[in-house]
Structure formats: structure tokens, C-alpha cells
There are 2 protein chains.
Amino acid sequence: MMRILKFSDSDFDTEFRRIEQRAEEVPAGIEETVKNIIADVRKRGDVALFELTAKFDKLELDVDSLEVTEEEIEAAMAQISAESLSALQLAAERIADYHAKQKQETWISTDESDVLVGQMVRPLDRVGIYVPGGKATYPSSVLMNAVPAKVAGVEEVIMVVPMPNGEVNPHVLAAAKISGVDRIFKLGGAQAVAALAYGTDSVPRVDKITGPGNIYVATAKQLVFGQVDIDMIAGPSEILVINDGSGNAAHIAADLLSQAEHDELASSVLVTSCEKMAAAVQAEVEKQLSELSREGIARKSIDDYGAIILAQNLDEAIAFSNRIAPEHLELAVDSPFDILPQIKHAGAVFMGHHTPEAAGDYLAGPNHTLPTGGTARFFSPLSLDDFVKKSSIVSFSQAGLQRLGNEIVHIAELEGLEAHAKSVSIRLKK
Amino acid sequence: MMRILKFSDSDFDTEFRRIEQRAEEVPAGIEETVKNIIADVRKRGDVALFELTAKFDKLELDVDSLEVTEEEIEAAMAQISAESLSALQLAAERIADYHAKQKQETWISTDESDVLVGQMVRPLDRVGIYVPGGKATYPSSVLMNAVPAKVAGVEEVIMVVPMPNGEVNPHVLAAAKISGVDRIFKLGGAQAVAALAYGTDSVPRVDKITGPGNIYVATAKQLVFGQVDIDMIAGPSEILVINDGSGNAAHIAADLLSQAEHDELASSVLVTSCEKMAAAVQAEVEKQLSELSREGIARKSIDDYGAIILAQNLDEAIAFSNRIAPEHLELAVDSPFDILPQIKHAGAVFMGHHTPEAAGDYLAGPNHTLPTGGTARFFSPLSLDDFVKKSSIVSFSQAGLQRLGNEIVHIAELEGLEAHAKSVSIRLKK
């Protein structure tokens, strides 16, 4: 049974800290292992990739079979149903439309005629997308990473996906094709990240690596950060549902369980101002849990990190939400837009009773890669911004430098940087 | 004498790799030391801060003297000249104007009446700014970090600045006052970073830490990343000047030296298509070097990491620039806007003969915190974006979910996520 708590419970803070701090510690030794793999790929390049892939993925590769061929992609496309193809295409289009709205243009100011300043926005040249293989193969993850990169104008999108025993999910390849991925390599794990970060004879070096992966992949991404850019490192996923007593308990229960089925470490929390709703959702969760094929995972998640919290009122619920900065926040209330301005921190906000989180996971348009574990206080969803970079532009005319030069020289001298001062004063007319 | 190289030199690539890879290795033991300091501050809070500050900064603090008082700030303001005050104010205004242009608004799409998607932009709640103390105390660094935070709408900007033996640069305090910094703590080193990241009884926990610091500060920032956000970790600074033979050799030499005086690891490189200019700049650098008070530093930087490269033509120079992605790029050519579109990667671009880098360092408006060491391929200058975060907004009406629900269910089922599918199907009318 999902626990029902109150903010006034004496152990509430302790209990919630346990949920907030549920992210697993990185097991000792992993960093060392990953460092060795990266060093090996840097040193031996393709040969290291072949050996490590044979060892970890039981897949023998050579320079000819390392990359997925056009024929292999066509074969995958032929395997999937027309319905699947059209659902993935619809998702890709909607994701592209949303991310296109995030586009920022290069600008140059016109405030002053003698000093122009501006900002140039350019896509990254080449991006690497990590896609997990094996059991959890998610075509939506391909779309959510590759489509924004292509909308941003990234020339070359390189995907890596491990193919344990040579197996690959045809929907993943179809999603890559639909997204416009340029090249796909049959690589996974820390070795794939190392190959993307440093390049080998076969795998080109990229400027940024995005996409989810296991602890080896996440550790490798952290270690190559600075050599390339990376997206955020995601922790376990969470949903917070705020409810005012309106709506349908079965719907809310279904939303909580959609989070819980992901992962035993997922956290699903309802805060409601209505005691009756609390009890009804509690009962519905039990009922629906028993019908789920992933009942084991979902039940453990609900038992360990699920909770129903009874709030005195909506304000208390909102204050709590702002405190924990949830990854997914559902406003399951009658007038969600009325309270949106009070929401300070959340990865994504799902508005009202007809917006289950799952809608946002696939095809509403916004990205499903969101900041977890309270990092919505300072991190943003994956977006077009992740696939562009900016350069400042500064242009002084002679008159402009003459007008502002003395102040520049003054500050340079304050800071004891004489050559800085001189580079300006040497250009000034006396 | 500054070396003159050609791209066709047999050892050019080796030589340039040496310059590109000049960043110092983090000395062994530093990470361990910093980890211990962070753990100590997390455990013992203020007490640890007082002890570590007494030890490293020879400054005895207690809860009453830890924070800079209004009186101390007023005293600093009274010490500085009217010229200095007005130069810093001018810089602050221009920095504010520039960064205000980077503001992004919250938006909600109106493409579909039954599905609304949008992006909410909000300032971070609280930001910490690290300002180095001691010898290199730069008021411009306070302005470049604090002003954008305030323009973004950050409610509380907390500055930390070490005061070895109690000494502080009054211009640094004046810059803080001008920028609207809310609170200043007399703290530095890894302990200041730890206090900002985790909070103590006296120092509030922040959401992001920005600003330059020594290797202990940089290491601490990397270690607390994830607990809070941080800005990029800067490596040694560099300038690349592209020249077409036009302009004044003395000006170009002065610009190269303004970079070289920063740091022995700084790199100053000119690429010119004109042999005469190469020789003239070489001579001018020698001449101006001997007049510099920081000659020792500048000469070592020029000797170790300076170079004049003779290019066949401007295209070759631009290709080289795009390869190394310089932090500062001067287009010391007659028509800089003609070649700007070919510049793919640079932290900041200084246009034409009247725009020395130093102008951008202080008061042109753009930020002087720029990506170094080739990371302009994927990192951007510090900007307003660093002080806001975004949340996605998704709102389906009943009709919208009915229209798109089948595709959502289809993809959820493709991915084997039954509870995801159910959270949508349970809401659909049959």
C-alpha cells in the first residue's frame, strides 16, 4: 500500500530526505575500469574497440562491419509496421516543430553607430548520440536526441548503439533513419563514449555527446567532459502530482505507475489537499499494480520511494514542489494555468487532468530528457540550446574607441594590466 | 624573438599540438586535499570555515565578522577615485545592456488549440560568485559575473572573496556594490566553494557557482558540480590575430602582448598573409616587451607559446582559426565583416583594426568569461543563459489527447512500457 504522509509528521523531513537521496552511489572500481577503457581506446583506437566489443557485447567487428549499412537500415525499416512507422514519424515531426521554436538567431546591436556588439549562434559541427541497446531500447530516445540536433543544423549526427550478440531493435534503427542520423556505429559502453570523444580511424571525433546510458556510460561521459561537451547526467526519474481534489483517482494512479514501472529507484509522489482523493488513489494504485506486467519493478518503486502526502491546501503543495524541484510535475487540478506562475522549479509541467506525463514522453514536442533529483533548480530540459554554441562579436570604429578608450585604459590600469592599457592607448589620438 | 612559422613546416603540427596542450596537469594530491576540505565544511559548517580561513588566509573570522558589512563597503567606496567609480559604472551599464539583449521570454505555442506546448524561463534563485583575492584582484571579474546574474533576475547574488591577512581591494568591493551583489563573505579557496554548494549556518546554499579561481577552486567546483551548477572551468587564455597585411604592426604587437602579460601559460598567435607584417610585428613585440612592467611573464609566454604564422592567403588563416577554435579572435583585416560568416568557432570575435581585445575585456558589453583551449567548438561565453533555467510546459485538452492518444499508446507499447500506455488509454473514449 502506498504510504499516506502529512507535512506535519514528525519524521516527514527524514523520510523525504531518504527519497531525495536515493540515487545510487557509483560502485567503487567503476571509475578505474572506465579510465582504463578510455585510455585503451585513445591508444589503440579501432583495435581496442573491436576487442572490447567482442568481450562485452559478444560481437565480432572489423572495419567493414563496425558501421551500420544502408542495407541494414532498409532491412529494419521493412520489418516494422506501417502504424509504428507513422507513430514515430508523427513524434519526430512534433519534436522538430517544438524545438524549432527554441531557435535563437545571430544578432548585432544597433544602439550605437560607433560600437557594434552582437552574438553569433552556430550549430555544433558534429554530435554523438548514445543509444542503449539490449533490453531497454527506446526509439523515443533516438528521436529526442537526434531530431533537436538536426533542427539545430548539426551537420553530422553520429549514433552509437551496442548490439549484444548482433541483435538490434529495428525501431531504434527506424527512428535513426526518420531523425536524419548520418552514421551509426555498433558500439556501446565506455568504449563508445571514448571513441566519440577522441576519435579513432573509423569513428570521427564529435563535439558533444548526449543520450542516456548505464553507469559505465555515465561515468565515461563525466570523464571526457571538457574534451567534448556532454548533456546532463541523469539520476533516477521522478514524478510529483499536485491535486486539488478534482479529477479521477484512476487516472492519477495510472500516472504514478507510469513513473514507477521505469525503475525500482523511480519515485512517484502525489500531494493532494483532499483526504478522499488520497484514499481513492491509494486503492487504485493497488488495483492497477496487480494488473501490470512490470508489477515487480513498479511495486518496489512504489513501496520504497512512493508516497501520498496530505496537504492542508494547494499553497502547501506548491511550496513542497518548489522545494524538491521535480523532474516531472503534473498539475492535476481544475485550473492549472492559475497556479503555473507559482511553479519555480520543474523539468516539465503537465497541465490539467488530460495531460498524462506519458504524452510528454513521446510526442507532445518538448524533450523527455529532463533534470532529475532536484537539479531543475538550475538545469534545463535538453533543447536546441544544447546543439548550438555562441560567439560574442565586438566591433569598435575609430570614433568608438576614441569615445570609450580612456575608461578602458583606466580599468586596465586599476587591474595592473599595463599591456592591456597600452593596446588601447596606442590607438587613441592625443 | 617571436618565432615565425609556416603551415608547410614539417614540424608545424607537432609544434602546434604542444601549444594547444599547454594546460597544466592538476598536481597529484590536490583532488584528495579538496575532497577533504569539502567533507569538512559539510560536516562542521561554520567552524570548519573559520579554521580553514585562519590556516590558509591568516584571517580570524567568527559569525559576526564572516560577512562584509555595509560600513566596510561604504569605506571602500570612499577610498576610490571619482574616475574609477565612473569607469566601473560605465562598464556595469554597458555589460547590463548587452546581457539584457540575451533575455529569452517564456512562450506558449498557439499552433494547435487542443495541445499547448511551451517553455517557461525563470532566473535561478541564488547564485554564488567566486572572486579571487590577493595579488590578482579584478573588479572587472565581479562585474562580468554579478551584472548578468542581476539582469537575469537572480534574487540573491552571494559573493565570496578571500581576504588574506584581512586585506581587500576596494575596487572589488565597489564593483560588487555597483553590480548589486546582495551579500559578501570573506571566504576563498575550496572551503568557500563547499560553503556555497552545501550551505552552512552562516552561508546560504546557492544553485550555481561562477567565477574564476586557482586550481583548488577549480577542482572544488568540478567536485560539487551536480549538487549545484557551475560555469565552465577555464584553462589558460589565448588570442589569435588574423591579418591580411593591412593595419599597424605596433597595434597588433600590443594586442598580442596584452594576452601574454596575463600568464606564462597564455598563448598569443598571429596568422598573417603578409611577410612584411610578420617581420614588423616580430620587431614591435621585442620593442614593446622591453617596456613592460610585466616583461618577465609576457616574455616567457611569448617565447613558449607565442608564434607568428605566415599563411599563403586569408582562407588558410581562417581554416587554421576554425581548427583551433580560439578563445579570443581578432580579425585585424580591412573588411572583417566580409569574413565573419566563415568563422565557425571562437569565444569572442574582435572586428577590425580599432577593436583591441582589451576593449572587450572591460566594457564593450559582452562577457569576458570565454571558452578556452579549443572548447569554443562547443562552449559559449558566460551569458544570461547561465543564470536562468527552463521548464517545458505541456497541456492537452480532452480533444487533444483523443486526437493523438492512439499514437502515444502505440509508441509506449513498442517500448514495452505498459503503464505508460495505460495512463493514456484510460483517458480515451472508446
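Residue 1 is the first one shown; counting continues down the chain.
Heads up, the Cβ atoms here are built off N, Cα and C, so glycines get one too.
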One of A:His251, A:His328, A:His345 listed by TrEMBL as binding substrate at the site of A:Ser237, A:Gln259, A:His262, A:Asp361, A:Glu415, A:His420: A:His328
Of A:56-83, A:84-111, A:196-223, the range TrEMBL labels coiled coil: A:56-83
Maximum Cα-Cα separation (Å), residues A:Tyr130, A:Gln191, A:Asn214 listed as binding NAD(+): 13
A:His262 (substrate binding site) and A:Tyr130 (NAD(+) binding site), Cα-Cα, nearest whole angstrom: 19
Confidence summary for the coiled coil (A:56-83), mean pLDDT rounded: 96
Filtered binding-site residues - A:Gln191, A:Asn214, A:Asp361, A:Glu415, A:His420 - keeping only those with Cβ under 8 Å from chain B: A:Asp361, A:Glu415, A:His420
Neighbours of A:Glu327 (active site, proton acceptor) among the binding-site residues A:Asn214, A:Gln259, A:His262, A:Asp361, A:Glu415, A:His420 (Cα to Cα, within 10 Å): none
CB within-chain contacts under 8 A for A:Asp361 (substrate binding site), separation at least 6: A:Ser140, A:His368
Per DSSP, three-state class assigned to A:His328 (substrate binding site): strand
DSSP three-state assignment for A:His262 (substrate binding site): coil
